Amino acid sequence: REEPLLLAELKPGRPHQFDWKSSCETWSVAFSPDGSWFAWSQGHCIVKLIPWPLEEHFIPKGFEAKSRSSKNDTKGRGSPKEKTLDCGQIVWGLAFSPWPSPPSRKLWARHHPQVPDISCLILATGLNDGQIKIWEVQTGLLLLNLSGHQDVVRDLSFTPSGSLILVSASRDKTLRIWDLNKHGKQIQVLSGHLQWVYCCSVSPDCSMLCSAAGEKSVFLWSMRSYTLIRKLEGHQSSVVSCDFSPDSALLVTASYDTNVIMWDPYTGERLRSLHHTQLDPPMDDSDVHISSLRSVCFSPEGLYLATVADDRLLRIWALELKTPIAFAPMTNGLCCTFFPHGGVIATGTRDGHVQFWTAPRVLSSLKHLCRKALRSFLTTYQVLALPIPKKMKEFLTYRTF
């Protein structure tokens, strides 16, 4: 329950050829799934690819990231170097592909030499002009350019299975599904939103896709049939961010109405609301929207949430509590994400900065580990059908808050 400590802050060196202020925002930050790279859209059309852990001079003494133990392994074959990707357009969305890649994909690429070999770790970038650029992380080379969207590509999400299926969300009010194993072929367009689509998230079991637009409802889609499963209604203003728990059993959505809602995506049931109250009351009515949310994300073990709001606070929540367990002051926050091995949260700001904060380190209980393992392959309905005590069913379906 200690307050998050600021580990490091990276600030962009503004390119001389760009003078406009409105394109300096860090709209997206991302860690690669194996924790070896960090991607930062630092504004002015530039994405930085930074090897993780950060170099020693960024990190205070006494803090050791879990992935630091692998650093000695990389020295023998040459340590990876920071790369700068010039995307030519303002960058809004970032997503790393799953890692490592299945051997079958390497075999497929070998028999189809006309298709770029994307059996490596890749980074997808969503741009202001509707384009999606696909980069090879190790070399910084551009592999593919995906065209189809008619407006800003606001968010990107890969299916965690390693199939290289990419979902994109756009201000053109559509989501598009791309198969990077087939030269970036567009395989589906999902329509139905009436406003800009802000966020998309694929469930870890790859069965569902959640999309949030500038609307009060959230759409849940099937990743098997690409059809709408249901709309989740409960927010009072635009929903701007969403994320699935690591076991796919929970979905969280964040809205300008200052609330995070925790849902059961299988039943559509609203399980809990987390309200972002201000620490200091406003002096007048002009601050009525000061707690508008920007981003929400689950921790890798599924016991915590992080939220960023316009009231200049990063909040950390424990899943079973209704009030935050920790706060950190941050100005103009836009996005947040957890390091995949835990212990660190990265946040991006409207000024183009990225900050790294300490996050709670927790040893999951055996009960939670069992629940997480079971819920990774059992739906809520399947759990309810099990011949087990009612209290056990309530625990497994996250109804014991």
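Keep in mind that glycine also has a Cβ here, set from the backbone N, Cα and C atoms.
Automatic, uncurated: that is what TrEMBL annotation is.
Secondary structure by DSSP for the domain 'SOCS box' (365-401): 22 helix, 0 strand, 15 coil. What TrEMBL lists as domain 'SOCS box' is 365-401.
The region 'Disordered' annotation in TrEMBL covers 65-84.
For the repeat 'WD' (123-145), the DSSP counts in helix, strand and coil order read 0 helix, 14 strand, 9 coil. Per TrEMBL, repeat 'WD' is recorded for 123-145 (among others).
Taken from TrEMBL, the feature repeat 'WD' applies to 146-181 (among others). Secondary structure of the repeat 'WD' (146-181) per DSSP, as helix, strand and coil residue counts: 2 helix, 18 strand, 16 coil.
The feature repeat 'WD' is assigned by TrEMBL to 190-231 (among others). Counting residues 6+ beyond its ends, the repeat 'WD' (190-231) has Cβ neighbours under 8 Å at 151-152, 154-161, 163, 165, 167-171, 173-177, 237-248, 251, 253, 255, 263, 265, 268, 376-377 in the same chain.
Per TrEMBL, the feature repeat 'WD' maps to 232-273 (among others). Distant neighbours of the repeat 'WD' (232-273): 195, 198-205, 207-208, 210-220, 289, 291-298, 300-302, 305, 307, 309, 317, 322, 371-373, 375-376, 379-381, 397-399, 401; these residues of the same chain sit at least 6 beyond its ends, with a Cβ under 8 Å from one of its Cβ atoms.
Here the repeat 'WD' (286-320) has long-range neighbours at 4, 237, 240-247, 250, 252-256, 258-260, 274, 276-279, 326-342, 345, 347, 357, 359-360, 362, 364, 368, 372, 398, 400-401, meaning same-chain residues at least 6 beyond its ends whose C-beta is under 8 angstroms from one of its own. As annotated by TrEMBL, repeat 'WD' applies to 286-320 (among others).
Within the chain, the domain 'SOCS box' (365-401) has long-range Cβ neighbours (under 8 A, six or more residues past its boundaries) at 204-205, 246-250, 262, 264, 266-267, 271-272, 301-303, 319-320.
With a cut-off of 8 Å between Cβ atoms, the residues of this chain six or more beyond the repeat 'WD' (123-145) that come close are 30, 32, 37, 39, 41, 47, 49, 80, 83-85, 87-97, 116, 151-156, 158, 166, 168, 170, 172, 178, 180, 183-184.
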